[in-house]
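Student: This is the feature table in TrEMBL:
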type	residues	note
TRANSMEM	12-31	transmembrane segment
TRANSMEM	61-83	transmembrane segment
TRANSMEM	175-199	transmembrane segment
TRANSMEM	279-297	transmembrane segment
TRANSMEM	317-334	transmembrane segment
TRANSMEM	339-360	transmembrane segment
TRANSMEM	372-398	transmembrane segment
DOMAIN	412-496	domain 'STAS'
Amino acid sequence: PGSQGCASAPSVPLQYGLYSSFMGCFVYCLLGTAKDVTLGPTAIMSLLVSSYAFHQPVYAVLLAFLSGCIQLAMGLLRLGFLLDFISCPVIKGFTSAASITISFNQIKNILGLQGIPRQFFLQLYETLRRIREARAGDAVLGLSCLAALAGLRAMKSHLPQAAPTEALAARISYLIVWVSATARNALVVLFAGLVAYSFQVMGSQPFRLTGSIPQGLPAFRPPRFSLAAPNGTVPFPSMLQDMGVGLAVVPLMGLLESVAIAKAFASQNGYRIDPDQELLALGVANVLGSFVSSYPITGSFGRWVAGGGAGHSLGRGALVLLSLAYLTSLFCYIPKAALAAVIISAVLPMFDAGIFRTLWRVKRLDLVPLCVTFLLCFWEVQYGIVAGVLVSGVLLLYSIARPPIKVSEGAVLLVQPGSSLHFPAVEHLRDSVCSRALAASPARSVVLDCCHVSSIDYTAVLGLAELLQELRRHGLPLAFCGLQDPVLQVLLSADLEGFQHFPSWEEAEQCRGAELGGSRAEPFTSTESTGLI
């Protein structure tokens, strides 16, 4: 997992992916609330780090420390509820765009190309322009690894369950196939490494290799808060300014990714998670991880989990430590094309084409934040996320400012707001009531049915007072009915002139209709319904 995460982030050397892979395993098994989740570097987080680390490990490690501090503070302040303000279309738009950008970022390694820029559109242009420079060895190996991974994934999904009554040989065969399909990433990388080593022994090398990785565990030390540069030292405030919006985007997206996968496992296995505790676990893991040269880590959408529980998490962390201590000399023979194939295989399933069809069928308006996030993430990830959240917020505010208002005509004019009344909706309500009341023939009393109104603010109270006065000037009484206790107490405390309320619209109809000589000769008929659809 460390190699996968770091291979997609060209901003730091490969060994930092391994440095980022063990601390989260130990911390999360103690503090996390989802027993099936482990923390570590992921392709999405690596993509974000590559945007803000400026090819400097010092920036990446400091970003882990600062992200951890922010997440820890949010957990202590119990701000996990803020995740509720990030809608599903925004998350789906980001993850779908990330799956494409991360996958395409690996095409250069599949083809053996070098010097390809990071920005998606420049990357697309340069890759197509230089397609003739592709190395045959890398292309053949990369495509072969992709085919093998796809085949093993399909094999696992269609593998029938071995019955306990079957012969021992059949059960052993099932176990071998299941293990091979489950550990497909490791098997493909191991096979590719053996092929590359064989060519190396024969004196030729048709593949681009990952290169040597320093052996040994990272030193336990605090992150550096300044950076030596050719023209002097970059101080801590300047580093903060350089990272800019990344200080908000990285910890937020780390939390989103971790909580999303934790909720998926919790729903599947029948337990609940605590977002605030998840914040604490993620914050502590990132802070302590920065002391061992880790860049920001999180839970993963695509991380393979071969069994849950603390034992698995501890085992994963111990395996990474063992690899750092004794096996890094073997990593230099791993072809970049094989790692690229593993990354592409891991992130492509994150692209959810069905969400576009689902939203078109269920709620087309939600396609707006989805498409805005999806498209802008190809430009810059942070722009896509921020724009998607803003668009979702505007749609939410619009539904508050323009609640559905149903107007029914009978002996009286019955007006039913479809939701609570807050200050952005006051003018809309006044205009709707006045236009219908003044246009009604014959003149009718107006009854405002507030059965759906559970809260009201002071500006809305002032607007209702002005509505009472305006209708009174035209000789039209206004009464309220169906008031819930909190709303009734607010209106009574405001001491509105001419305020009258009834328990039900039937009583209001009888009383107010009689005042204008009306009768209940016809039932209510709905003639207007406005609002956001």
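Placed from the backbone N, Cα and C atoms, the Cβ positions cover glycine too.
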Student: Per the definition of 3+ C-beta pairs under 8 A with sequence separation of 6 or more, do the transmembrane segment (317-334) and the transmembrane segment (175-199) touch?
Tutor: yes
Student: Could you count the residues of the domain 'STAS' (412-496) that DSSP puts in helix, in strand and in coil?
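Tutor: Tallied per class, the domain 'STAS' (412-496) gives 43 helix, 15 strand, 27 coil.
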Student: Could you pull out which residues elsewhere in the chain have a CB under 8 Å from any CB of the transmembrane segment (372-398), counting only those six or more residues past its ends?
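Tutor: Residues 47-48, 51, 85-87, 89-90, 93-94, 96-98, 100-101, 120-121, 245-246, 249, 252-253, 365, 424, 532.
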Student: By a Cβ-Cβ criterion of under 8 Å, what residues six or more beyond either terminus of the transmembrane segment (61-83) are in contact with it?
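Tutor: Distant contacts of the transmembrane segment (61-83): 16, 20, 49, 52-53, 222-225, 239-240, 243, 246-248, 250-251, 254-256, 259, 274-280, 282-290, 293-297.
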